[in-house]
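J.: TrEMBL feature annotations, pasted as is:
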type: TRANSMEM; residues: 47-68; note: transmembrane segment
type: TRANSMEM; residues: 75-93; note: transmembrane segment
type: TRANSMEM; residues: 99-119; note: transmembrane segment
type: TRANSMEM; residues: 131-152; note: transmembrane segment
Amino acid sequence: MKFIPLLILFLVINFGSLAVGSWLMGNGASSSWYTNLNKAPWTPPGWVFGAAWTLIMICFSVYLTYLFKDYKSSVLIGVFALQVVLNIAWNFLFFNQHLVLLALIVIALLTAVIFYFFFTYRMDAINSWRYLLIPYMIWLCIATSLNLYVLLKN
């Protein structure tokens, strides 16, 4: 598949999964459950989440486009699908079901999956493109720490 159609495909899948996750989280950050939680002092303001996820999904989509253009395997497809499922599941578990411990496990797994992408797929053709994963990796570390704080302080 050519670059632009593949990029569009990944943008649709990635932003689509964010939309599904947002829909499944219900009232999310505006719910009384969330607003009454003891949250970490480093919790960013609400608008940062939208900006961060937009940047992350654009970078991730570009990375995936280069990766899938040069490397195709059922394992790669499976790891990508797992990332989509974990990303959606976290929103549902944390915001909708209030299963903070299970959500922490899910976000830790999601973080491991993104680090797996970074350290496993380093072929010459895409080696420099893997650095587009750094915003995702940083954000997941922050989000995991926020989830852990909620678990420990509530």
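Each residue, glycine too, has its Cβ placed from N, Cα and C.
Automated prediction, rather than curation, is the source of TrEMBL annotations.
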J.: For the transmembrane segment (99-119), give me same-chain residues lying six or more residues beyond its boundaries with a C-beta closer than 8 angstroms to one of its C-beta atoms, as numbers and ranges.
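T.: That would be 63, 67, 79, 82-83, 86-87, 89-90, 93, 130, 133, 136-137, 140-141, 143-144, 147-148, 150-151, 154.
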J.: Which bits of the chain, at least 6 residues beyond where the transmembrane segment (131-152) starts or stops, bring a Cβ under 8 A of a Cβ in it?
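T.: Non-local partners: 37-40, 42-44, 52-53, 55-56, 59-60, 62-63, 94, 100-101, 103-104, 107-108, 110-111, 114-115, 117-118.
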